[in-house]
Amino acid sequence: MSDMMLNLDCSGSRGPCKDSSGSNKHKAFNDRRRLFEKKGYLNKKQNQHNHRQGNKHQGPPPWANRPSQPNAAHNKSSAHTQNTHGKSSYHIPSSEHARGVASKPASSTSSSTSLTITVKNSTNPEQSTSTITPGHQHPPTRTVAHCAPVPRGSAPFCNPLKYLAMDCEMVGTGPKGRNSELARCSIVSYDGDVVYDRYIKPTNAVTDYRTRWSGISWHQLVKAMPFQHARKEILKILAGKVVIGHAVHNDFKSLSYSHPAVLTRDTSRIPLLNQKAGFPEKDVASLKRLTKALFNRNIQTGKKGHSSVEDAKATMELYKVVEVEWERTLASK
């Protein structure tokens, strides 16, 4: 009878009744849960749980694939550069190796760390840096090295390889050495480097070596290169180049060659050069006089005669003195 009464007290349920202590624990649990929900702790934890569950289906977060190396490749990205006039601008290179890029982007535009842009200029040893605060969209970090600007007075066509200075030395052939024939040819580059320098054996027998002026004697021509062979080499070098010389028409004549007038610069026929040297504009000054007046340097001295290499270098230096003004004058004509 007592067992039957116990079952009836359990509201007619067929299973065993819950212990009163269990009901108290459940009630205390619900009270704590409501308190946590009221303060927002439980909502934050639930949101984090839901976010982790969602990421399992959406794949790794975008920052998971961020490159760990500071020089990760990004082919098309903006570079913050500084031009030679001190103005800043954004430049978009076509590739990673374009326009002297020294380093590659290290972070994305949404990085939480500050970004530093460094611009180096070879003409100014100081570095100009600027720091970008996070939270703003800026181009990725990139260091750009600027090449030194080309001086205004050099290479008006922006290609020094097109400019050559030539000087030739002649000896006499025929009766009393009246005929002049090529015996040495020297060619130097825009920077004064020797491009060609050979002794050349004339076609006819030499009757006057003119050593006092040419600096050539018989032993230098014994095993010299034949004229026709040397001529082919020289004309191949001069083809398409701007040839600079002092009374250069005599050098072309010794080669039996006529160079295009638009590619010829004769320093013996530049009124502006005479003006800078203090000579009359219509005066045909010698290479020796011009070099002494403008550079205070003596050439063609001594009893051993002239050096065609020395003369070619002096001719190129004279050309550079009036290069800009002369080229502008020729362009205007």
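Quick reminder: no glycine exception, Cβ is built from N, Cα and C everywhere.
Where the annotation comes from TrEMBL, it is an automatic prediction and has not been curated.
Here the structure is a predicted model, which means the values were calculated and not measured.
Listed in TrEMBL for this protein:
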COMPBIAS  28-40  compositional bias 'Basic and acidic residues'
COMPBIAS  46-55  compositional bias 'Basic residues'
COMPBIAS  66-87  compositional bias 'Polar residues'
COMPBIAS  107-118  compositional bias 'Low complexity'
COMPBIAS  119-134  compositional bias 'Polar residues'
DOMAIN    162-328  domain 'Exonuclease'
REGION    1-144  region 'Disordered'
#### Entry: the compositional bias 'Basic and acidic residues' (28-40) - residue tally per DSSP class, helix then strand then coil
12 helix, 0 strand, 1 coil
### Query
Taking all residues of the domain 'Exonuclease' (162-328) together, what is their mean pLDDT?
95
